[in-house]
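Participant: Found this in Swiss-Prot, in case it helps:
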- 2-437: domain 'PTS EIIC type-2' (DOMAIN)
- 5-25: transmembrane segment (TRANSMEM)
- 35-55: transmembrane segment (TRANSMEM)
- 88-108: transmembrane segment (TRANSMEM)
- 134-154: transmembrane segment (TRANSMEM)
- 173-193: transmembrane segment (TRANSMEM)
- 215-235: transmembrane segment (TRANSMEM)
- 236-256: transmembrane segment (TRANSMEM)
- 302-322: transmembrane segment (TRANSMEM)
- 325-345: transmembrane segment (TRANSMEM)
- 354-374: transmembrane segment (TRANSMEM)
- 385-405: transmembrane segment (TRANSMEM)
- 410-430: transmembrane segment (TRANSMEM)
Amino acid sequence: MFDYILSLGGTVFVPIIMIVIGLIFRIPWLQAIKAGVTVGIGFVGMGLVIVMAIDSLSPPIKVMIERFGLALHVFDVGAGPASGVGYATAIGAMIIPVIFLLNVAMLVTRLTKTMNVDIYNYWHYAITGTVVQLMTGSLIYGVLGAICHAALSLKMADWTAKRVQNIVGLEGISIPQGYGSSSVPLFVLLDAIYEKIPFMKGRNIDAQEIQKRYGMVGDPVIIGVVLGLIFGLAAGEGFKGCASLMITVAAIMVLFPRMIRLIVEGLLPISDGARKFFQKYFKGREVYIGLDTAVTLGHPTTIAVGLLLIPIMLILASILPGNKVLPLADLPVAPFFICMATVIHRGDLVRTLISGVIVMITVLLIATQFAPYFTEMALKGGFSFAGESAQISALSVGNMFGWSISELMSLGIIGVVVAVGIVASVVLFLRKRELSE
C-alpha cells in the first residue's frame, strides 16, 4: 500500500492530501479540489524549473570539476535515488505509519502544532534510522533514531513557523522537512554570532534592499544574468555557452518565485479553512500544515545564494580535509540546502551566503561519514548505481540531526538513553517556551 502511495510522486500525492485536508476543514468540495490541484500545478512547474536547472547546470559543473582537478571517489547520487534507498530499507518500509502516528500523538498531547503532510520526505527519517540500525545491529534502536529525528523536526517547524510564514507570505504553514529542519539550530547560532559583529549588527541586506540602493542591480533578472556569466566564465564557456547560461539562470531567478506563488495561491483557502476550523472547534488552537522546503524557494536570496554556492561547493570539496564526496547530482539544486538560512537571517544575502558555506562544510563531512552505510543500504536494496563505484552518498543525507543521533546511539544502550533524553528535553523545553510567550 505504502509503495503505491510513494509511486504516485509528490505532484499527485500532495494535491490529494491537500484536497482531503480541505474537506476535513469544511471547505466546499469544488474549492478544495481547485486548491489541491493548484498546489499540484505549482509543484509540477517547480519540477520543470528544477529539471531545466539540472540540465543546464550539469554540463558546466562537470567542466568545473575537471578544471578544479577533483579526484574524489565517493559519488553524490542525489536526493531522488537517496529517497528510494531510504524507503527500500526495513525501517523505510514502516516509516510512514510510525512517523504519522508519532505526529498525531504529539498533536493530541499538544507537544507540536505541526501536522506534517509532506509524507514523501519521511525518507530522511528512514535514512537516519537505518544508519543507527547498521551501526548498532538493532532494528529497535533504528526505529527510535528515526522517531527522534522526526520529533526534533516537528519542534524545529514549530519554532520557525512564524518566520517561514513571513518569508513565504502565507499563514498557517511550517517546515518539518528532515534536512531543512536539521539546519535550523546552526543557523540560529550563527545569526546570534552575526549580531555580535559590529558591521553586521542590526543590518539586513536582502535583494529588495540592494534594489532600493542600487536600482536595477538588485533586480532578480540582472542578478541571474550576472550569476550565469560567472558560471560560464568558471566553466570556460565561450560566448554561446555564457549567453545560454545567463538566460537560463535569469529564468530560474524569475520562474521559481512564480511557481511558488501558485503553490501559495492553492494553499491560501486551505490555510484559511484550517484557521476557521480550529477557531470554531478547538477554541482557536493554532495548528500548522507542515510542508516541504520547496515552498521557501521563491525568495531571491535563496536562489541567488544557492546558485553562488555551486562553484564554492566544488572548491570546498577539493580543499576540505576529510571530505571524500564529489558533489554532483545534488549540486544544481543547492538552494534547497540553504533555504532555512534565508528564513532565519530574514533574507539577508551576506549572512545567508556565509552560513551557506559553513553548513555545506558540515554536509560534505557528514555525507562522507555516512557513505559506507548509504552504500550498504543501496546494495541491499538492489540499486544498480551502488555497484558503479567503490562508495556512494548524497549531499541530501548530510544532515546534523541524523549525524548527532546516530553518533550517540552507536554507543549502545547508554547512548540511546542519552539521545532519547536530549530529544525529549528539547521537545519539552520548546513547548514550555511556547506556553510562556
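Numbering starts at 1 and runs along the chain as displayed.
Glycine too: its Cβ is placed from the backbone N, Cα and C atoms.
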Participant: Answer with yes or no whether the transmembrane segment (215-235) touches the transmembrane segment (325-345) by the criterion of at least three Cβ pairs under 8 A, sequence separation 6 or more.
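Facilitator: No, since the transmembrane segment (325-345) and the transmembrane segment (215-235) share fewer than 3 Cβ pairs closer than 8 Å, they do not count as touching.
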Participant: Considering pairs 6 or more residues apart, do the transmembrane segment (236-256) and the transmembrane segment (302-322) have at least three CB pairs under 8 Å?
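Facilitator: With 3 or more qualifying Cβ pairs, these stretches touch.
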Participant: Looking at 173-193, 302-322, 354-374, 410-430, which one has the highest count of Cβ pairs under 8 angstroms to the transmembrane segment (215-235)?
Facilitator: 302-322
Participant: With pairs closer than 6 in sequence left out, are the transmembrane segment (302-322) and the transmembrane segment (134-154) joined by 3 or more CB pairs under 8 Å?
Facilitator: no
Participant: What same-chain residues lie close to the transmembrane segment (354-374): Cβ under 8 Å, and 6 or more beyond its ends?
Facilitator: 74, 76, 82, 85, 127, 130-131, 134-135, 183, 186-187, 190-191, 194, 305-306, 308-309, 312-313, 316-317, 320, 322-325, 327, 337-338, 341, 344-345, 391-395, 397-400, 402-403
